[in-house]
Amino acid sequence: MPIGVPKVPFRSPGEEDAAWVDIYNRLHRERLLFLGQELDSEISNQLVGLMVYLSIEDKTRDFFLFINSPGGWVIPGIGLYDTMQFVPPDVHTICMGLAASMGSFILVGGEITKRLAFPHARVMIHQPASSFYEAQAGEFVLEAEELLKLRETLTRVYVQRTGKPLWVVSEDMERDVFLSATEAQAHGIVDLVGDENMGDLV
């Protein structure tokens, strides 16, 4: 039997009694955000909305975005990436489990020097798939010219944020390239590999 979303006690400032709120609501108040599924328009919009709202509330507190995602849609991913660059607080990105495809794109989009992978995390990069719309097969056809533009956009971001030469990134994106946490660090996708001594990160 599913247990639903766990609830935890939380006392709002000025309140005497704690109220039970769902755990994600509580974590969001601490600027802890989660991408733990395929990236689609819904989850992208939720994360964008949270970042914008919480930035209005307090522009000085950093975000911590935990990523365990097989990837997803390119356009929602680019929208989330752009929002991460737009909001005033720094966005720490933390890979736990897998950051593949657009998941790795979001990972590399964290504030430089504040991107981390857990020791046993995996990262995968590749070129964008041939369809980026959420639609029935055949309803939309991605023209080769548009796909090329998207690939150039993603490649340019990886080059800028990893410090790797264009030819290296382009070659890596020709196929699925899986990286360990330390390999992702060597590639410039993350800056740190976490260990047991980093429990006070957040």
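Keep in mind that glycine also has a Cβ here, set from the backbone N, Cα and C atoms.
According to Swiss-Prot, the protein has these features:
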type	residues	note
ACT_SITE	Ser101	active site, nucleophile
ACT_SITE	His126	active site
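Here the active-site residues are Ser101, His126, and the one ringed by the most other CB atoms within 10 angstroms is Ser101. Cα separation, Ser101 (active site, nucleophile) to His126 (active site), rounded: 6 Å.
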